[in-house]
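TrEMBL has this to say about the protein:
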- 27-46: transmembrane segment (TRANSMEM)
- 58-78: transmembrane segment (TRANSMEM)
- 102-201: domain 'P-type ATPase A' (DOMAIN)
- 212-234: transmembrane segment (TRANSMEM)
- 246-270: transmembrane segment (TRANSMEM)
- Asp300: active site, 4-aspartylphosphate intermediate (ACT_SITE)
- Asp337, Glu341, Phe367, Ser368, Ala369, Glu370, Thr371, Arg372, Leu373, Ser374, Lys397: ATP binding site (BINDING)
- Asp520, Asp524: Mg(2+) binding site (BINDING)
- 589-610: transmembrane segment (TRANSMEM)
- 616-636: transmembrane segment (TRANSMEM)
- 656-674: transmembrane segment (TRANSMEM)
Amino acid sequence: MNHSMRISASAVRTASLDAWRKLAPGLAIKSPVMFVVWVGTVLSFGMTVQRLAQGEPYGFALCTSLILFFTVWFANFAEAIAEARGRDQAASLKATRRDLTATLRNKAGQLTQVNASALKNGDLLVVEAGQLIPADGEIVLGVASINESALTGESAPVLREAGTDHSGVIAGTMLLSGHIEVQVTAESGHSFLDKMIRLVEGTQRQKTPNELALTVLLAALTLVFLLAVATLPAMAEFVGITLDPLLLIALLVCLIPTTIAGLLPAIGIAGMNRALAANLIAKSGKAVEVAGDIDTLLLDKTGTITFGDRQATAFLPLPGVTQTELVRVAVLSSLQDPTPEGKSVVKLARDLGDVTTLPIDAEFVPFSAETRLSGLRLAAAESSGKDSGFAHAFAYKGASDAIRRFALAQGLAVPQALDGIVSKVAQQGATPLVVVSQQRILGVIQLSDVIKPGVAERFAKLRALGVRTVMVTGDNPITAGAIAAVAGVDDFVAEARPEDKLALIRAEQAKGHLVAMVGDGTNDAPALAQADVGLAMNSGTQAAKDAGNMVDLDSDPTKLLAVVEVGKQLLITRGALTTFSLANDVAKYFVIIPAVFAASMPGIGLLNLMQLPDPQLAVISALIFNAVIIPILIPLALKGVAIRAISAEKLLRNNLLIYGLGGLLLPFAAIKLIDLGLNWML
Ligand SMILES: Nc1ncnc2c1ncn2[C@@H]1O[C@H](COP(=O)(O)OP(=O)(O)OP(=O)(O)O)[C@@H](O)[C@H]1O
Ligand SMILES: [K+]
Ligand SMILES: [Mg+2]
């Protein structure tokens, strides 16, 4: 993906054209504030023509009309340039999805070649090494090594596998090796990526709730100023002056919040652009915005804080159990377990010389996040029944609390020595899996995982931004504690099942927190849906991606930091420019009103701080400032106000100082300068 956020010359060219197109009344009315300026422009041009026709002086009228016109045009240009930049960004993404062909497998097993655009949800595709994946989907068969660089810019191949939490594939990426079957989950043109493309292109942009609220507020302010200006002629009449209606229009435009109204769409689009530049797919502008207000972040341990490639590294038998016996039962419990954990158990056992094979009539009990164990039952033993005197034969492995409970329910004793072994493994941050057969608990498998480098710094940065991090894991409290300490999370919850994660999010939300959550597994889906920001990994299952409101193309769980930053920057930029715009308007009021009345009311002349001699020139100067401040601020609106890791209150105070006080003082100086310039020119 092209991550350049610079403004290209061609973007400026298209935006200039689009700014004209956006003058159409149907589009102009979308922003009530700018529509008032639009109407003012039309009226003003009308009066110019009228004065021209009647042979009256029309210079002031023409100047006013032109400046008003450019005010509207600049606002249109601000939006158009943000959109053009979004289109540039989307173009490279779109290119990955063009003209793909698919090998479709029908129910009878026959293969046919079809165009990817004809694919339907649920279609089964066969993809061979060297081919491009034709549609977004989930691998239902096979293991794949995939190059996603067309999408993410990252050239290192990624591994995707059927039946795991990383089975998702995306159209336009390249299958490097393997032979896979993919089930289509998103028809061409309807995937998250397509949606994001439309969002950044501006073709499917909707105002976010905050944007809508601000638009209403600005419209209300405009109405207040409209009423205030409407009462001026009567007041002027009272003191014996007749006010030129053009002066009133100009005054109104200076007073209403045109700066923020003109820049508002650009700020929102730029937020989406920044998200996409970070390889984040947001399903709506709202998701990005909410991310800025997040104060609690829930992360799971395995695969988020650690690499998630849990590998068996040791078999630790209980006293009185031989290593061979422990290994044999561990292998029995894992032979049909497709998880990376299960496979690694078999691999380590084989390396140690184990040759255990699957007994006939074995019934596989798959791992679930609910039971937190896996293994097999022997159906034959089961059918012989309890009366025959045989116990059910089984071999299980699982989380220590789960196996302990299971063993007790089966009437098996829990050996004293178990705790010691479990804690020893857990204290190193490794995951202990306890192994049990129908006869007894045999010992522990040690699963080792590696903490991702740099997570501690990221969490520290989040803390500085006011975001509390909580690790939620299905693992035991000791392992969780050990990992939490190294990773530097603020808090952790252990032995959590999926519904516990959901309950935790609800509890945090009930306390008034806005919660973000990262996940990739199907069992994360409810929590992802409940969270205010649910960031799903692109590598994850379709259920997770459907439930979340953001997808990370890089499948990097620590990307949540970037999500929060993009969101915060959006909110802070919008807040700062709103403050600036309103402060400007207040200042303009005090510049213009005295200038207008000074000539006929000596008393008010004292208030004419800036000593602007000619009321018409004063108004023109204010109008010019009012217009050009929009393009001047476009780069800031697009780039965003810099955010530093300081507390929200400090940030607010700093911004009030810079954009509030600055916004109040700048117009006095700028308008005086423009006025001096105009006086000199004339
Ligand atoms: N294949 C497996 N067979 C048996 N038990 C397993 C298997 N995989 C994991 N477990 C046990 O179940 C627990 C929960 O695993 P799970 O992967 O659901 O954790 P989680 O809720 O996703 O949390 P996290 O990902 O943070 O560890 C693990 O800590 C481990 O003890
Ligand atoms: K204004
Ligand atoms: Mg997990």
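Quick reminder: no glycine exception, Cβ is built from N, Cα and C everywhere.
Curation plays no part in TrEMBL annotations; they are all automatic predictions.
If one looks beyond the transmembrane segment (212-234) by at least 6 residues along the same chain, the residues whose Cβ comes under 8 Å of a Cβ in the stretch are 31-33, 36, 242-243, 248, 251-252, 255-257, 260-261, 264, 574, 578, 582. Scored by C-beta pairs under 8 angstroms, the transmembrane segment (58-78) has its highest count with 616-636, from the stretches 27-46, 246-270, 616-636, 656-674. Checked against ligand 1, the binding-site residues Asp337, Asp520, Asp524 give Asp337 in sequence order as having a Cβ less than 6 Å away from one of its atoms. Annotation for Asp520 (Mg(2+) binding site): same-chain Cβ neighbours under 8 Å, separated by at least 6 residues, are Asp165, His166, Gly303, Ala536, Met537, Ser539, Gly540, Thr541, Ala544, Ser555, Pro557. Counted over all residue pairs in Asp337, Glu341, Phe367, Ser368, Ala369, Glu370, Thr371, Arg372, Leu373, Ser374, Lys397, the record's binders of ATP, the longest Cα to Cα distance measures 17 angstrom. In this view, Lys397 (ATP binding site) is surrounded by 29 other Cβ atoms within 10 Å of its Cβ, with every protein chain counted. If you count neighbouring Cβ atoms within 10 Å for each of the recorded positions Asp300, Thr371, Leu373, the highest count belongs to Asp300.
The list of residues near the transmembrane segment (616-636) in space but at least 6 beyond its ends in sequence, with Cβ under 8 angstroms from a Cβ of it, reads 60, 63-64, 67-68, 70-71, 74-75, 77-78, 81, 247, 250-251, 253-254, 258-259, 262-263, 266, 573, 577, 580, 584, 588, 591-592, 595-596, 610, 667, 670-672, 674-675, 678-679, 682. Taking every protein chain shown into account, Asp337, Asp524 are the binding-site residues, and of these the Cβ with the most other Cβ atoms within 10 Å belongs to Asp524. Each residue contributes its Cα atom, and for Asp524 (Mg(2+) binding site) and Thr371 (ATP binding site) these two points are 15 Å apart. The recorded positions near ligand 3, defined by a Cβ under 6 Å from one of its atoms, are Asp300, chosen from Asp300, Asp337, Leu373, Lys397, Asp520, Asp524. The CA atom of Leu373 (ATP binding site) is located 18 Å away from the CA atom of Asp300 (active site, 4-aspartylphosphate intermediate). For the domain 'P-type ATPase A' (102-201), DSSP puts the residue distribution at 17 helix, 44 strand, 39 coil. The binding-site residues in question are Phe367, Ala369, and the one with the fewest Cβ neighbours inside 10 Å is Ala369. The separation of Asp300 (active site, 4-aspartylphosphate intermediate) from Phe367 (ATP binding site), Cα to Cα, is 18 Å.
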